[in-house]
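A.B. asks: The structure follows.
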Amino acid sequence: MPGKVYTDEMEGKSIKKKKLTETPLPKLKKRKMQNGETEDLDLEHVTESVNGEINNNNPTPKLKKNKKPAPKSDLSETAEQCDGEQPDPSTPTPKKVKKKKLKEGKEDSDAQEETNISLSSQGGQCDGEQPDPSTPTPKKIKKKKLKEGKEDSDAQEETDISEPQMNGVKSVKKSKKNTTGDEPAPKKRKTDTSEITAANECEEKELTKEEEEIKKEKIDGDFSKFPISKDTIKNLQAKGVTYLFPIQSKTFHTVYSGKDVVVQARTGTGKTFSFGIPLVERLSEDQQPLARGRAPRVIILTPTRELAIQITNELRSMTKKLKVACFYGGTPYQQQVFAIKDGIDFLVGTPGRIRDLVQNYRLDLTALKHVVLDEVDMMFDVGFSEQVEEILSVRYKPDPEENPQTLLFSATCPDWMYNVAKKYMRKQYEKVDLVGHRSQKAAITVEHLAIECNRSQKAAVLGDIVQVYSGSHGKTIIFCDSKLQAHELSTNCGSLKQSAKPLHGDLQQKEREVVLKGFRQGTFEVLIATNVAARGLDIPEVDLVVLYSAPKEADAYVHRSGRTGRAGRTGVCISLYEPWEKHYLRNVERSTGITFKRVGIPSLMNVAKSSSADAIKSLDTVPADVIEHFKEYAQELIEKKGALTALAAALAHISGATSIKQRSLLNMEAGYMTITLKSSVPIHNLSYAWRSIKEQLGEDVDSKIHRMCLLKDSMGVCFDVRSEDLQSMQESWSDTRRWQFTITTELPEIQESERSFDGPRNRSFGGRGRRPFDRRNNSRNSSGGGGGRRGRSGGFRRGR
């Protein structure tokens, strides 16, 4: 038995200890103790405790120190305290103190002694834990510890060495308590003390990394560190801005001092305020009289009308004294001419309309002191370079040192943009890059997901995607590649339960403004837009962005995904891609530094969960007086169907889930269900799974299994089965120690499909002639060939 073996070991140790006690030094020490010659005893202790034991064997100062300070939680300090409690056997008083401590520890009468006992229980070698002072075992352990103290020169190492011995003493104490019937109170106190210590450590680490970053941002962006007027601070606080964001705090002094700057920052980080606040302060400090008909001193050019309107509203919210005008196409010239005659301080607009006003309506730009080009990469990419150059030529001179202050802002900075900077800026211009070449260029507050989906199934599953990731009351922007596609989805997408409206270039400017205003105010939940809404628009609280097609360009994806996750909020961006579009995702990943998380369509369980949550929220909006009229019918329904069934049916009807359509989680095709076959060992080839499946379900099962693929961890496979074949397959299948057959409710991570290719649809590429794993498809147009030639022998062949 373990106890017997332990007793034998202890007996063996006690025999060795007896041999040690036969040496003349301990006898002489014992005789001196009885004679009370304490001076000689101290000298011997100095000789024996070269490694630091003299402090532990001087009982008088230790007993005095042990009562004053609070108990120490560190193990080394606890061991030192326990050693300090061991009295000198030469005086009888310390032994009485031991017994008194033991008695008080059992009766829980003294809080300080209780703490010492519980701490000594952690160290395992406190004298207060000895149940019977007459037993010689503690004295032997004490001498053994003294011997180890001689051999140890480091106090920390001494504690580490004595730790296993302390545990051994604790075990002896436990066995004695079991025989004598003593209560294990010290053990309980040990557990409580450790729990309290762990709780204290958790409290010290309350601030997460994100909270610490926010705290640092608040300190760095405190208004008191910047020359901002009280009126501007008051206006900013009215908008909920209590400190400057990192991009604003890092660029404020540079812009305020009049230097030229090129700024690259992620979307949604507050670029508008980064140039708006310092320029407002510069113009407010200018003593120039605000005469009627004055020429603008600041011009801000944007690529889109919507961005120009947004910047105008932000500037007007910061200052009431300075005049802000916004000029863009699609609006009457008359109002803009009146604004010119009235006088302008900030001029915001698109290049086309401003150029027309300069040429035909005598818009004076000779007084410009500050020029801002926002989203400059898009502005030059869409063909505004000539118009911008024509506008700026009025004020810019060959000598760049005499030109106005020039500020370039963008989320992406191609190499050619720095050539533009050299053309318009002074030689000593500054670069502020908050993105970096190797870091993630997309918004870090956005989760990037990708769902593989055939083109014919996209409209059918779009409603489930919006429902799960945004809900019935969240805001969603769906980006399309064409105006026609945006219009069709907004009018004919039956899967969308939320109200939706389109936004594209064919709409009149007044209609576009009405649509954006309604979306901001929550009049409708889904905005289906082309690239018009991708740049610069700050629409608050957008929960979800959906790209109806795979992103073709990295810069376009950065701006589209940046419509969510703005101003510190989190968001989700989902890209729907077809099997042949996978290479587009890889290009975006390489260029932006993000990683798409491949997921399947939302499962029926997730859709039902989200719909039920929205239905429950909608119940709170029903007035109490209306509920009174339905209580009678509700009671009848409960009596007829039962409360649970009746309420579940009501929630299903409210959420619109009146029918359930089974769909594949692999490609969203209707009428299929996805199965996961888990393996107990890793597999690296689909043939292992096919062999096991055919052994149980027969050779003809390959016509019933479609789109088989390996799981990412190689611990199984995933495939689709027709809904009508599922029941018979379940009845014929029996789980084994190696394979487990389950119906998939949420798509697991899978490996890249071996049958996928990076070319366009309905095309095949030759090679080794590998047969595709979709066993239904026997067409020659989708199978590989021998390679090298056209036609049946392989090579390249167009689908018919």
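Note: Cβ is positioned from N, Cα and C throughout, glycine not excepted.
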A.B. asks: When Swiss-Prot marks a stretch as motif 'DEAD box', which of 294-297, 318-321, 374-377 is it?
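C.D. replies: Based on what Swiss-Prot states, motif 'DEAD box' spans 374-377.
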A.B. asks: Among 221-249, 395-423, 569-597, 714-742, indicate the range for which Swiss-Prot gives the feature motif 'Q motif'.
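C.D. replies: Among 221-249, 395-423, 569-597, 714-742, the range Swiss-Prot annotates as motif 'Q motif' is 221-249.
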A.B. asks: Do any residues at least six apart in sequence from Ala265 (ATP binding site), in the same chain, have a Cβ closer than 8 Å to its Cβ, and if so which, in order?
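C.D. replies: Listed in sequence order, they are Ile247, Lys271, Ser274, Phe409, Ala411, Val432, Leu434, Val435.
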A.B. asks: For the motif 'Q motif' (221-249), find every same-chain residue at least 6 residues outside the stretch whose CB is under 8 Å from a CB in it, and list them.
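C.D. replies: Non-local partners: 256, 263, 265, 269-271, 273-274, 277, 280-281, 284, 317-320, 432, 434.
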A.B. asks: Write out, in the order they occur in the sequence, the residues of the chain not among Ala265, Arg266, Thr267, Gly268, Thr269, Gly270, Lys271, Thr272 that have a C-beta within 8 Å of the mean position of the C-beta atoms of the recorded ATP site.
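C.D. replies: These residues sit around the ATP site: Phe245, Ile247, Ser274, Ala411, Gly562, Arg566.
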A.B. asks: What does DSSP give as the helix, strand and coil breakdown of the motif 'Q motif' (221-249)?
C.D. replies: 16 helix, 0 strand, 13 coil
A.B. asks: With the cut-off set at 10 Å between Cβ atoms, which of these binding-site residues ends up with the most neighbours? Options: Thr267, Thr269, Thr272.
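C.D. replies: Result of the Cβ crowding comparison: Thr267.
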A.B. asks: Within 10 Å of each Cβ, count the other Cβ atoms, then let me know which of the binding-site residues Arg266, Lys271 comes out lowest.
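C.D. replies: The binding-site residues Arg266, Lys271 were compared, and Arg266 has the fewest Cβ atoms within 10 Å.
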A.B. asks: I'd like the number of other C-beta atoms within 10 A of the C-beta of Gly270 (ATP binding site), please.
C.D. replies: 20
